[in-house]
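Engineer: Quick one: structure below, then a few questions.
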Amino acid sequence: MSAKAVSELSGKEVLYKYFEPSGLLSAPHAFHVKAGENFDEIANKYEWLARDNKGVIKPDQLIKRRGKLGLVKIGTPQELKAWFEKTGDSYVRVGQTEGRLHTFIVEPFCAHTEKDEMYIAIYSERFRDVIMFYEQGGVDIGDVEEKARTVSVPVQLNENAMTPSDEELTTLLGPLKDSDIVRRFVVELYKAYKDLHFTYLEINPFVLLNNQIHVLDLAARLDETANFLCADKWKSRLTPYGGPNHVEFPAPFGRDLTSEEQYISEMDAKTGASLKLTILNRKGRVWTMVAGGGASVVFTDTVCDLGGASELANYGEYSGDPSESQTYEYAKTLLSVMTEGTPRPDGKVLIIGGSIANFTNVAKTFGGIVRAFETFVSKLKEHKVTIFVRRGGPNYQEGLRRIKDAATKLELPIHVFGPETHMTAIVGAALGVKPMPTVPTAPQTTGQFLLSPERNTGGTERAPPSPAANATPTEHPLTTAQQNKLKSFRGLFEDDTKAIIWGQQAKAIQGMLDFDYVCRRSSPSVVASTYPFTGDNKQKYYFGQKEILIPAYKSMAKAFATHPDASIMVTFASMRSVFETVLEALEFPQIKVIAIIAEGVPENQTRKLLKIAHDRGVTLVGPATVGGIKPGCFKIGNTGGMMDNILASKLYRPGSVAYVSRSGGMSNELNNIISQNTNGVYEGIAIGGDRYPGSTYTDHVIRYQNDDRVKMIVLLGEVGGVEEYKIVDLLKQKKVTKPLVAWCIGTCADHITSEVQFGHAGASANALGETAACKNAALRASGALVPESFDDLGNKIRQTYDELVSQQIIVPQPEVPPPAVPMDYAWARELGLIRKPASFMTSICDERGEELNYAGVPITKVLESDMGIGGVLGLLWFQKRLPPHANKFIEICLMLTADHGPAVSGAHNTIVCARAGKDLISSLTSGLLTIGDRFGGALDGAARQFSEAFDQGWSANQFVSEMRKKGKHIMGIGHRVKSINNPDKRVEILKRFAMDKKEFAQETPLFEYALEVEKITTAKKPNLILNVDGAIAILFVDILRHSGMFTKQEAEETIEIGSLNGLFVLGRSIGFIGHYLDQSRLKQGLYRHPWDDISYIMPESNLVKF
């Protein structure tokens, strides 16, 4: 939802902060007190209340007409406290809604008379803002719409030009026209309204006292999508009293947010997906979990239309391609509420529904739902929950298979249906008022791209199949003569339409090209893409089996200049950048259509784009849309879903029925219903779910009326707004004469007493005429063909089509099979349709899921267990969860080997390379390349020699003797500087750690054996001590053999593949990097070795022959 009501305190604070520099507003420090809180403790922080001044207290919970309801108290601090303690936590009824009073605003009382009270309101419409003013305000103002004077301010790109003129202000203020302060206040208030992205602001009353305006009562809505623009402006003033520093958007009165609703709301705020949950009746029998904004409304409508309103437990949706874990959390939260309390004797039903998805991977989301079933399986059985599932879209077969497998494995009663079944057919079965739907024959895999049209989702008997195609393709659905006659009429999209795509959207572009190919277009519809964050390049795509290159441009201007025949731009820009992107695109006169996919575009920005596009004759589709499709010609982005759905819905060739809808998911459902009950879709547009879509129902219905290729129109409206009434007027005026089948979703709103925001930003009725029921009645009365419910929509479309066929207005043509479209390799692999040997294998790390895994351990568990870097190394190097003493040993080794001064070869090389001006990686690798048998590479050798001697049963004396006989140096023994008299502190640390059996809790036989060897070698020469390489290597072998974590074979393999040397390389890399950074800080110049430190030994001249 974009326009959200704010608390009175938040609304006032936002205005007080904005007006602070001007001093025009009196800005007292009001505060909230909530039921159960200590009134005195909070009130004592506010000096104005501590002085026994009068104050005002009233609920701040979006309640209208509080004065008339007796919910305003004026009095001393003690009187306010007494009223608060009496009223807090009490229940009151406002209209049809009963709710608890829990949050109150307390502010200073402004003494005045009724004649001082004035009224002002500002609200936004599609192409204008309206300012209403009346010099008499307060609770008894009466019908303000009749009394108030108004000024309209047209939307313009330049906001500074959007201000009422002096003449308009004079007319607006009436008897107060000479009041300079009131005049300034109106001008500044409207400026604040625009800058702060209000969508509605009403102050009733405000008074003028002592040359300042006092705002006594306020109601407002802010455009929540403008948060990225206004986050700082929406913060309250800095005060010594504390209080919230952010805007509060309270739940509607009568609907306190439950902990579950709050949790889902917080999840929704952190993801690009849409997650909504409203609990209507915790003890209800009928629960829904529906994918898609429009579909969620349709399912709720159907429950209510079939008599289940009193049992409806919740409203909600999950859409926008949520991840498996997000779907799991959503489902788990829903099931936790559904299965709480005492089980009902008649059990409960859970309806998991949705329209046919455009791009959401159904199997992925259903994986999360199955996990939730597994978590709550005992509770689901205890509460006798019966589950009904209906879904379609990408990979839906795999998703439905997972649900069926879960039903068998968990022994749960789950009835599963795909897009072969009408979307809401499962609702009647779930409520027990209709028989269980039959399951028609359906394709079994998404891989069957040339699908036989056996799918019937229209809720009607199947239409007889079209005659078999002749060898010679027949024009469809018009004859050649008819087509020639209509060549002069061009719609938004034709079979030669070309588009430029804004954004890095390879998948969407490939989908458009596949659609072009299956429609038998002679050339691709996408001629270029543009994205300002990459350089000019060419990107590879497929047009059928053929590889093609499509240019990508950094500059949009260059893209359109290079491709003057491109008339459409599809922009995938985010809500933050879409305004500037579309504004730039509108500068190019060749553009006729711009499709805006992004959700969350601020309404003020959208309205400016609408204004400019309208003035320049450009059609906008969106924002918040999947786009549109014209079978046989063109599709926008991901419209129509996967290729299997496009083929099943016969979207590869034109039909005779055009439709317009708000919802992208529901447009896919309409594609199915129309294709199974008529000769197919001619064109379909999803205008988007925002309050101000770029183009309207009326725009497209008029286009369809004027296009003789369209024989029948379908309109899917919804609750909220008045756009459908324009269609009513067109019908009455006979400006639309073609058969119009219409249905407005959202009839459930009449059955829900508390305010609920449905799937789309514009789906909320603010007046009786905006309800779906009123719209449906008006459409029916004006001559539209309106079904009894959405369940009956397919029947109504079929009946209308049959009449047109009988009148020969539509003449069905033979079907021509589409060309085979190759399936994308990545998608085919995901579906399990193909396999090939992997080029790489890994067993230590997996980043593909929701969370990084180290050897199967989620990264969150790694951090929570506090295993340290030693534990991480154990997972990544050995695929083991090592014991604590082993983790600590690894960390000690890394610290001990981190550096040994600049004189050693590795550090020296790193320093020389750094001083030559090389980068970090080059300098580091130059140092690492010196590591070998002579420098740092003794760990593996020491481990191997000592292990072999110990395993053969040699004594320490025998081992030393055997090595001397072979003339081999004992790896890990000896040091150039250190000796028995000047021991290596690093080795001493390791010895103490290994001998402390409380900390190093395991046997160390090899290390003890090495100490015996050291006694023998140091007796011969003091510097033949066990060095740090040897100590590390031998102790590590003990860990491998005696920690209980490794088999003998694993221990030997670990030594053999060089793991021990890895410890030295990893540790010493720390020091090498330190040397590089040190040299860079010191800014040392190029190193050149001095001549006097080099012995030049040249051959005698008489020995060199030329």
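Every residue, even glycine, has its Cβ placed from backbone N, Cα and C.
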Engineer: From the candidates Arg344, Arg390, Arg391, give the one listed by Swiss-Prot for the same citrate site as Asn358, Thr360.
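Structural biologist: So, going by the record in Swiss-Prot, that would be Arg391.
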Engineer: Fill in the CA-CA distance, Asp707 (ATP binding site) to Ser789 (CoA binding site), as an integer in Å.
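Structural biologist: The Cα atom of Asp707 (ATP binding site) is 29 Å away from the Cα atom of Ser789 (CoA binding site).
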Engineer: Among the binding-site residues listed here, Gly783, Pro787, whose Cβ has the fewest other Cβ atoms inside 10 Å?
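Structural biologist: Fewest other Cβ atoms within 10 Å, among the binding-site residues Gly783, Pro787, is found for Gly783.
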Engineer: In DSSP terms, helix, strand or coil for Ala781 (CoA binding site)?
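Structural biologist: DSSP call for Ala781 (CoA binding site): helix.
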Engineer: Centre the Cβ atoms of Asn358, Thr360, Arg391, go out 8 Å, and tell me which other residues of that chain have a Cβ in range of the citrate site.
Structural biologist: Ala291, Gly292, Asp321, Gly354, Ser355, Ile356, Ala357, Phe359, Asn361, Val362, Gly392, Gly393, Pro394, Tyr396, Gly641, Gly665, Asn668
Engineer: By a simple count, how many Cβ atoms lie within 10 Å of the Cβ of Ala781 (CoA binding site), its own Cβ left out?
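Structural biologist: Other Cβ atoms found within 10 Å: 12.
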Engineer: For Val701 (ATP binding site), just give me the three-state DSSP call.
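Structural biologist: For Val701 (ATP binding site) - judged by DSSP and reduced to three states - the answer is helix.
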Engineer: Between the binding-site residues Ala781, Gly783, Pro787, Ser789, which lies closest to Val701 (ATP binding site), Cα to Cα?
Structural biologist: Gly783
Engineer: By CA distance, which of the binding-site residues (Thr360, Arg391, Ala773, Ala781) lies nearest to Glu718 (Mg(2+) binding site)?
Structural biologist: Ala773
Engineer: Determine the minimum-neighbour residue: among Asp707, Glu718, listed as binding-site residues, which Cβ has the fewest other Cβ atoms within 10 angstroms?
Structural biologist: Asp707
Engineer: Only counting partners 6 or more residues apart, tell me which same-chain residues put their Cβ under 8 Å from the Cβ of Ile713 (ATP binding site).
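Structural biologist: When sequence neighbours closer than 6 are ignored, Ile713 (ATP binding site) has Val657, Ala658, Tyr659, Val660, Val701, Tyr704, Gln705, Val736, Lys738, Pro739, Leu740, Val741 within Cβ distance under 8 Å.
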Engineer: Using a Cβ-Cβ cut-off under 8 angstroms and a sequence gap of six or more, which residues of the chain neighbour Arg391 (citrate binding site)?
Structural biologist: Ala291, Ile352, Gly353, Gly354, Ala357, Val362, Phe366, Gly399, Leu400, Gly418, Pro419
